[in-house]
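Here is the structure we will look at.
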Amino acid sequence: MTLFNLALKNIRRNVKSYGLYIGSTIFSIIIFFTFATLKHSGDISGLAETSKQISGIMSASAFVLIIFVAIFILYSNSFFMRKRKKEVALYALMGVRKQKTAFLLFFENMVIGIVSLIVGVVLGFFLSQLLLSLLLKLMGLNIEIGLAFSPNAVVETIIVFLIIFLFTSLQGYRVIYRFKLIDLFHASKKGEELPKARIISVILGLATLVTAYWLALQDLTSEVWKILGISMPIVIIALTVLGTYLIFNSVLVYVLHMLKKRKFWAWKGLNLMTASQLLYRIRGNAKTLTIIATLSATTITAGGAVFGLYYDTEKNVEQTTPFSFMWEGQEEDIDDSIVKESIRVDTKSIRINSEQMEREYTVIDHSAFEKLAEALEWDIDSLNITEDEVAMIEPFYNEQWTEDVKEISFNNVDHEVVQIYEESIFNLSTVPGTVIVVHDEAYIDLNAEESTYQAVNVENYKEHLDLSQELEAKSSTVDFSSAVQDYQDSLEGTGIMLFVGSFLGLVFLVATGSIIFFKMMTEAEDDKDKYSILYKIGVSKKEIKRTIRYQVGLIFIAPLILGLLHGTVALIAFSSLFQMDLLVPIIIWMSAYVLIYISYYFITIRGFHKTILYKIQEGN
Amino acid sequence: MESLLQVKNVEKVFGKGANTFKALEDISFTIDHGEFVGIMGPSGAGKSTLLHVLATIDTPSKGDIYIENDNIAKMKGDQLADFRRDHLGFIFQDYNLLDSLTVRENIVLPLAIAKLPPKEIDVKVNSMAKAFGIETILDKYPYQISGGQKQRTASCRALVSNPKLIFADEPTGALDSKSATDLLKALSSLNEDQDATIMMVTHDAFAASFCRRILFISDGRLSREMIRATHSRKEFYQMILDELAQLGGDGHDTV
């Protein structure tokens, strides 16, 4: 029998134990290939005008994805190799040369790789079609997309994964050459001392994290920013990661130690066992947990920000384009049944020289203001202004940046500014800048050029893209602006961001979940005997399941809580920087994240139970 | 007084359909309170199967097993686990200690599972550790102590909850003769002084000679019963050796 046959047979007979590894490899390939297809899809790059920007985002994302996929495969591969060490040892015991075993494993790994590549590319092709139509839906476009098969994507996927497989195969070589037969006989039997935490690193861990949070929440104008300058984000991230590590490595260990010392808690049921197991588990996995917490934080922050922007699209559009349509010129024929309001506004434009700057204002009279405010359903008290008073409508008002204007003089009279509104009363792309409201008499007296605008509000403005385009095409509508068009434009921009963001978020989430899953399954494998002992001395399956739930639960929940905490702080900083209210979208995003994460917990619990309870039954 | 353990026509069949194998066939016997019973027999005779069935780790295919008034052959799942917790103790050949717990914590475990108050646990653990002479190593981890100490720890764990019946599966199998003698002496003194009921499966005639009564089993059936009565341990040892020699040419397999 040739080596080739042996390797093939080996795979065919062990499909079950290989399943996890092959599954995760195929999964990685699907994800990557889908992404590569989208990246190379002509439809996508042709869709938005900012295709350069988008292809930039896509390339950067692909890079992140490659790193991630590589880590993920390495992880599952090392899990897989651990399982096979016994087999390798057996070969060695029977006198098979290392070279031969190594070649067998290398060969086998390459076969698995090539098979997964084929399956992954085929499945990925279909998945990419699904995602493409999803993306188009998110971007609010109704375009038929044909099945675009991208050879570039295939080549890219094959190259990336062949390199990864080559690397994992070489890893296999390393395992075999470093393997000593004696390890087989007392592998992992060596006891380890119970991990202990020094109080100093406990305090240090808490302090680091608090400092990082405090820094993150500082205003851009604060002292710290001046001192640290551009290195600030790096300092924050470094402190956060360090703090996270210390939390796992020391703080949690310390807390568990304290718990274990309290006989009233510890000497009850399996608490003693749970605490001891967790101590080893958390200390041994501190690095992995740190990575997971950091990844979760990144995913939550990036996803939250992008989702926040997307969620804000409608609000943004309604802020800058409050009327469905607006243009300069005469009234147009629009179907009466859909029109809610159609207002004709006369405005005058004045230039005023204040101390250093020349300012331009659009002036409307009080009655026009009332009409507009009513049409926009502004929730304000009725405005009373006398002839020498004005109200100012400043959509970009900002306490910090906007210069306070107390008086405006025209008609040779100083007018006091009695009221400031911070919303826009016109579509900004038709009538930009600051608007002032004057007394009807003062408006008539004002000696300036007058222009006439039409402001129209229609029912369900998002459904009238056709009408918008029809109106825009007419030569009689000058400076035409429409809410639906603006909405469409911003959707296209943020839609891609949202898609890339949530896609990467999903990948990260799946990867973090899988890393924990693999870790826990490895440990379940190691812990089998312990649970079998417990069962024999009379611990019920119910209680065994409970301690497993607690142990796996803490391993899952600890990095999740830290990730959520980091993400919350980062998003608070983000939203105050961009002055957005992101509360609702972030809560939606975080809940989605937590939900998927929790389902991973249940999958892991199930796997753990299966491994342990199978052993218990076998142990008969 | 009624018997502690009553085994009635127990049968255990492995496999399904035409491919079955009877590991135990029509086994009936009783064990009274305070007995120290040994089970001997050649490899594959069904010793371990019998122990597993009696110890509720496995279920018989047929027959009844009464421990006092409870028929454990009819119990299921967690009911069995609770029964094990409350009434049975186990000593295994490979100790089965938990590496992540100290010696003390290992012994505490069954009492903690039974939800005893910590103070009571402390008292019981200390007195049991004294009986087995391991008070000095209570705060060490299993990897820091010797095989004999491990087995004494395991025995402490089995006995600390004061079980009705203690099952020992080749407890001296992995011990040197000194440690084995220490352990057996401790067990038989517990049997004599505290009326602990012990059932021990063993290959070893020396270990068996500490018992008060020995059941021989071969091909899944009880073949003979020996009672020590007033004989000294040494005489009894010789009797066992003779019996093993009589049982067939493969005597070397049983000793």
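Heads up, the Cβ atoms here are built off N, Cα and C, so glycines get one too.
These come from TrEMBL:
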- A:62-176: domain 'ABC3 transporter permease C-terminal' (DOMAIN)
- A:18-38: transmembrane segment (TRANSMEM)
- A:58-80: transmembrane segment (TRANSMEM)
- A:101-134: transmembrane segment (TRANSMEM)
- A:154-176: transmembrane segment (TRANSMEM)
- A:197-216: transmembrane segment (TRANSMEM)
- A:228-256: transmembrane segment (TRANSMEM)
- A:289-311: transmembrane segment (TRANSMEM)
- A:496-518: transmembrane segment (TRANSMEM)
- A:552-576: transmembrane segment (TRANSMEM)
- A:582-603: transmembrane segment (TRANSMEM)
Top partner of the transmembrane segment (A:496-518) among A:18-38, A:228-256, A:289-311, A:552-576, A:582-603 - counted as Cβ pairs under 8 Å: A:289-311
In contact by Cβ distance (the transmembrane segment (A:289-311), the transmembrane segment (A:582-603); 3 or more pairs under 8 Å): yes
Spatial neighbours of the transmembrane segment (A:552-576) far in sequence, C-beta under 8 Å, 6+ residues away: 213, 216-217, 219, 240, 244, 247-248, 252, 278, 281-282, 285, 289-290, 292-297, 299-301, 304-305, 308, 512, 516, 519-520, 582, 586, 590, 594, 597-598, 600-601, 604-605, 608
Segment-level pLDDT (mean, integer) for the domain 'ABC3 transporter permease C-terminal' (A:62-176): 78
